[in-house]
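This is the structure I have questions about; it appears just below.
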Amino acid sequence: MASALINVPAKAKRGDIIEIKTLMSHIMETGYRHTATGEVVPRDIITSFTCRFNGAEIFRADLFPAISANPFITFFTTVTQSGKFEFEWIGDKGFSETASASITVE
Amino acid sequence: MRSFGAITAALLVAGAVGATEIPQAERRSGYSFMKPDTRAIQDEDTANPGMLWVLDGEALWKRKSGATEKACADCHGDARTSMKGVAARYPAFDKATGRPIDLEQRINSCRSNHQQATPLPFESRELLALTAFVARQSQGVPIETGADPQLAPFIAKGRELYMQRQGQLNLGCTNCHDDNWDKRLAGSAITQGHPTGYPLYRLEWQSLGSLQRRLRACITGIRAQAYDYGAPELVELELYLMGRARGMALEAPAVRP
């Protein structure tokens, strides 16, 4: 089943500022809701998002219950060389997803 | 007494035409009522969360299912060509039942009859995914629903329901979506109610949802008893609304606030 949508430009000029957009499929259940019978719906959220470029961490975010389902995270970075972006989402109940995208710098 | 009768008759006529239909040239998709930020989510496939369902639907399209061990793709082939324009014609007349059925019901009827698989529940991830995948192939195609003459009596019933005042608030669909679409309700834009983007991702739902879900929410909003999923009344209403939007471009999977 589809889990991530990634938007990284395929090409860029050296020193360009590029925008990276990521969308991860997740229900982001807050843990504050109750069922009709009064039981708490257990929290089930993504807690951490990390982006590495050629192995080095360039962006990290902690996520909390107030963030809506299917979190859309975008950020900017400067590119100096060709390489691979690796994305990692970690969350409750052992949730762990990865995705990657390559960029060619001219 | 005769003049009283005449006044009553005049009022009845006025009541019937009181709701003014939106001129063709003034029809607007719900998209045009949205803020630029929300439009941006719909405009880009990698930002539109509805695409998660479309991708799921693509996987399901190719997955073998049911007693016949057939996948949708085994009969219909590449959806990009075989399903192009299909969603723009639904709800359509179903010969077997002699009634209009919507795209979800068509998928389920295909599952029961040709795959011999169990029908998928309304609003289930799988059914929404398959519907979104099929509808996506018609993105940009003008809506053609209602061309089949056999649909005429059902369109008329749908229109009747659309005009009918009901619920504790005693409102019909037309009272908002024809008469007051240029105004706001509790800060939100009242749209013209053209179902151009279903199934669509509502930020309020944090999920994809069908037109039937939207209609049920609207009916509950006027404090009337909502029809069950799959009820003939809902399908007739869907049919009328799609016919009313004929010629407008399909946007599925759309994003709405």
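Each position is counted from 1, following the chain as shown.
Heads up, the Cβ atoms here are built off N, Cα and C, so glycines get one too.
Under the heading domain 'Cytochrome c', TrEMBL lists B:52-245. What TrEMBL lists as heme c 1 binding site is B:CYS72, B:CYS75, B:HIS76, B:CYS110. The feature heme c 2 binding site is assigned by TrEMBL to B:CYS173, B:CYS176, B:HIS177, B:CYS218. Residues or ranges marked as substrate binding site in TrEMBL: B:ARG214. Per TrEMBL, the feature active site, cysteine persulfide intermediate maps to B:CYS218.
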What residues, ordered by sequence, lie under 8 A Cβ-to-Cβ from B:CYS173 (heme c 2 binding site) and sit at least six positions away in the same chain?
B:LEU161, B:TYR162, B:MET163, B:GLY193, B:CYS218, B:LEU237
Which residues, sitting 6 or more apart from B:CYS110 (heme c 1 binding site) on the same chain, put a CB under 8 Å from its CB?
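B:CYS72 - these are the non-local Cβ neighbours of B:CYS110 (heme c 1 binding site), listed in sequence order.
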Can you give me the Cα-Cα distance between B:CYS75 (heme c 1 binding site) and the residue listed as 'substrate binding site' in Å, rounded to a whole number?
31
Between B:CYS176 (heme c 2 binding site) and B:ARG214 (substrate binding site), what C-alpha distance do you get in Å?
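The Cα atom of B:CYS176 (heme c 2 binding site) is 15 Å away from the Cα atom of B:ARG214 (substrate binding site).
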When you measure from the Cβ of B:HIS177 (heme c 2 binding site), how many other Cβ atoms are you left with inside 10 Å?
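There are 20 such Cβ atoms around B:HIS177 (heme c 2 binding site).
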Give the residue from the binding-site residues B:HIS76, B:ARG214 that has the most other Cβ atoms within 10 Å of its Cβ, counting over every protein chain displayed.
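Answer returned by the neighbour count: B:ARG214.
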How many Å lie between the Cα of B:HIS76 (heme c 1 binding site) and the Cα of the residue listed as 'substrate binding site'?
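Checking the Cα atoms of B:HIS76 (heme c 1 binding site) and the residue listed as 'substrate binding site' gives a distance of 29 Å.
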Between B:ARG214 (substrate binding site) and B:HIS177 (heme c 2 binding site), find the distance joining the two CA atoms and give it rounded to the nearest Å.
14
